[in-house]
Amino acid sequence: MKTPIELKILDSRIGTEFPLPAYATPGSAGMDLRAITDTQLVIQPGETVLIPTGIAIHVADPSLAAIILPRSGLGHKHGIVLGNLVGLIDSDYQGPLMVSCWNRGSEPFTIEIGDRLAQLVFVPVVQAEFKLVDEFNQSDRGTGGFGHSGTK
């Protein structure tokens, strides 16, 4: 069963010239987000740009969130990654979805109108409540810190 998520079209080209975000296969975890711009964009090496997707969503359910993740081919082949690494969309956010693209490569990269830029994935959320303690129960891991457990 699929969970309904409210989606607002902010650009009339969505649903006509460009499809609504959708799962490509029954096993897909993410839906592609597209660059819905008025002109092509050229991202220079080292530059970060914020690109509209033409949609807004309202997750509404506090036990869910949406995350925006990079498309693997753009990062690996062209050095195009998300400027914020991962975009977190809280359940109560209702504004436009934007994709921050960073060119970490050495060549300018052109984004055409409608290019697929990133993936939108919905994930479960557990809201925690802190319990103050003076000491933790000891664990095998302890307080070794970053990299303490090694690679083997």
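A Cβ is built for glycine as well, from the same backbone N, Cα and C atoms used for every other residue.
According to Swiss-Prot:
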BINDING   Arg71, Ser72, Gly73, Asn84, Leu88, Ile89, Asp90, Met98  substrate binding site
Quiz item: Over all shown protein chains, what is the count of other CB atoms within 10 A of the CB belonging to Ile89 (substrate binding site)?
Solution: 21
Self-check item: Assigned element (helix, strand, coil) containing Gly73 (substrate binding site), judged by DSSP
Solution: helix
Quiz item: Which residue, of the binding-site residues Leu88, Met98, has its CB surrounded by the fewest other CB atoms within 10 A?
Solution: Leu88
Practice problem: For Gly73 (substrate binding site), list the number of other Cβ atoms lying within 10 Å of its Cβ atom. | Solution: 10
Quiz prompt | Neighbour tally for Arg71 (substrate binding site), based on other Cβ positions within 10 Å of its Cβ | solution = 18
Quiz item: Within 10 Å of the Cβ of Asp90 (substrate binding site), how many other Cβ atoms are there?
Solution: 12
